[in-house]
Amino acid sequence: MHCSVSSVFRPLSSDPATAIATLCSKGNLREAFQRFRLNIFTNTSLFTPFIQSCTTSQSLPSGKQLHGLLVVSGFSSDKFICNHLMSMYSKIGDFPSAVALYGRMPKKNYMSSNILIYGYVRAGDLPSARKVFDEMPDRKLTTWNAMIAGLIHSEYNEEGLSLFREMHGLGFCPDEYTLGSVFSGSAGLRSVSIGQQIHGYTIKYGLELDLVVNSSLAHMYMRNGKLQDGEIVIRSMPVRNLVAWNTLIMGNAQNGCPETVLYLYKIMKISGCRPNKITFVTVLSSCSDLAIRGQGQQIHAEAIKIGASSVVAVVSSLISMYSKCGCLEDAAKAFSERIDEDEVMWSSMISAYGFHGHGDEAIKLFNTMVEQTEMEINEVAFLNLLYACSHSGLRDKGLELFDMMVEKYGFKPGLKHYTCVVDLLGRAGSLDQAEAKIRSMPIKPDTIIWKTLLSACNIHKNTEMAQRVFQEILQIDPNDSACYVLLANVHASAKRWRDVSEVRKSMRDKNVKKEAGISWFEHKGEVHRFKMGDRSQPKSKEIYSYLKELTLEMKLKGYKPDTASVLHDMDEEEKESDLVQHSEKLAVAYALMILPEGVPIRIIKNLRVCSDCHVAFRYISVIKNREITLRDGSRFHHFRNGKCSCADYW
C-alpha cells in the first residue's frame, strides 16, 4: 500500500501571487524568491508579501536586506513599494528610516503622507505630524482621522475638535473612527454640550448603532458625570462587545460606584464576554475602594487563568488592591513576582509601604529603584515617599527628601507635596513651622492642607491655632463638616464645653451635617456594615452584650476610656456608653463573634479612628490573641500583642 506524492504534499497554487503569499506567510521568503524570481521582477506588487512577512516577524535585518535588493533592482522609486517599506519601518520600530525614505521619494501620494503622520503620532511628535498634514495637497478622510486622533490622544482636545470642525466645514463626512476620537476629546474637555452636539452627527450619518461610536459616546457622557445617559446608550446597543462592557464598568468606577462595578463584572462574565487587562484593572480598583479582599483574590485568580496577571497595569492594581485590603505581604509578593515593570508599579509598592507605616521599607525600595533600575523618577514617587515618612514619624528624612526632590531632581512641588510636609511637621509637633510653610508656599492652599494642620492642632491641643486655621477653612468652604468636628474636638479636649456648643450651634444654623462614621468587614463574600449606635443588625442585642463583657475585660487589664473625645458635656458613665457605640467597636465585636478563632480581623472605616478606639483595639488584640488591622480614612493600623504599627493613633 502506498500514497501518491500529491496526496501527501499539496502543490502550490499556479497563481504566482497566491503561491508567494502562502510561502511568505509561513516565513519561507528564500524559497518564494528562488521559485518566482522571474515573476517578481516583472510585477513589483509581488514584493508586497515579502515586505509584510518582515513586518509580521519584526525582522529589521530581513527588511533592510529586502530594501537593498529593491534599490539594486531599480524599484526603489516605485511609490507603491515605497509606501509598503515606510509602513514596515514604522511598524518594526525604525521610524527614522521611514522618514528618510519619504524624503527620497520622487513621487508621493496621500498614503505616503498618512503613513508618516501615523508614525509621528505614535512617536508623540505632533508638530512634525502637523507639518506633514499641512503640506498635503490632497487629504483623505483617513488623513483627517489620523491627525485628529493623534491630537486628542495626546490630550490636545481643543485642537483636535477644532480640526474636526475644519474637516466638516470642507465637506468631509465623519465615520465611526472620527466620531470615536471627537467623543474622547469632548470627554477630555469635560464638555457635555460639545459631546451632545456631536451626538447629533451619529444620527445624521446613520452611525447610531455602531459599536465603536456608541462606546465612545457612552464614555463621553459618563466622564462628564452623566452616568445614567451613558448607561442608556449602552443599553440601546443591539450587541455589547468587550469595549462596551469596559466602558460601562469604567464609567461606574469613575463615578464612585464600586459595588455596581463588581455587579456589572459578574453580569459581563455570565453574558459570555471575556474580560481583558482593562477590565481587571478597573474591577481590582473597585475591590481596593471597598477593601474586599475575598473578591479581589477571586478576580486575581481569574486574571491568572486567562494569562493577564503578569500585565504591568494589572500587577500595579493587584499591589494597590492587596495593600488597601490590609494584606501588605500579598502586595509585596505580587511585586516580587513581576515579569515586566514600570514606574507606576514601583510607585504603587512604595505607596503600599507608606500606607502601612513602613517608611524605612519605602525609602529602601526607592533607593533600589534609583540605583539598580533605569526607571524614571517622577513627582509621584516623591509624593509616596513623603507620605510614607509622615506616617512613620520620619520627620527629618521626609524634609530631606523634599529638598532632594526640588534641588537635585528639579521638580516643582505640588499642593499634595506641601500637604505631606505640613503633615510631617504637624505630627512632630512643629505646628508653627507647619503653619509658616502653608503661608509661604507659592500655591494657593486648599481645605485639605488646612485640615491637615487642624488635625495636628487637635492632637497637640493647640486651641488658639485651631481657631485661626478653622477660619481659613471657612473662607474656602463654609460647609466643610470635618473642620467643625475637628475644632469641636479641640475644645472638648480642653473641656471648653461652651465653645463646643457654639460650634455645634453653628453647624445647625448653617445646616452642616457631620459625615456618619461607617465601619465594615468582609466574611465569606458578605460585607457587614455598622454605623455609630447601630441597632439594625439582626444580632444587635448579642453584639452589645458581647461588647459590654469585652469592655469589662479590657478595664481589668488597665484600659481607661478616653472620654475627652466625647463632644458632649455629660457624666463619665454616659460618655463611656457613647464610646462603646462607635462603629469600629461594633464591627470588631461582631467579627470576634463570627470569625474562627485565630483568624486575623480586617476592619475598614470611612473616617479617622478616634483615640479611644485606637487604645481599645490594642487591648482587644492582647485579650483575644488576635491580629487586627484597621484601615481608617488616613492609614492602616496593625494591632498585635497590644502594640500598633504606628507610633500613635493618627
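Cβ coordinates are placed from backbone N, Cα and C, and glycine is handled just like the others.
Lifted from TrEMBL, the feature list:
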REPEAT    78-112  repeat 'PPR'
REPEAT    140-174  repeat 'PPR'
REPEAT    241-275  repeat 'PPR'
REPEAT    342-372  repeat 'PPR'
DOMAIN    558-650  domain 'DYW'
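The helix, strand and coil residue counts that DSSP assigns across the repeat 'PPR' (140-174) are 26 helix, 0 strand, 9 coil. Mapped onto DSSP helix, strand and coil, the domain 'DYW' (558-650) counts 37 helix, 16 strand, 40 coil.
Residue counts for the repeat 'PPR' (342-372) under DSSP (helix as H, G, I; strand as E, B; rest coil) come to 27 helix, 0 strand, 4 coil. Each residue of the repeat 'PPR' (241-275) gets a DSSP state, and the totals for helix, strand and coil are 26 helix, 0 strand, 9 coil.
Taken residue by residue, the repeat 'PPR' (78-112) breaks down under DSSP into 27 helix, 0 strand, 8 coil.
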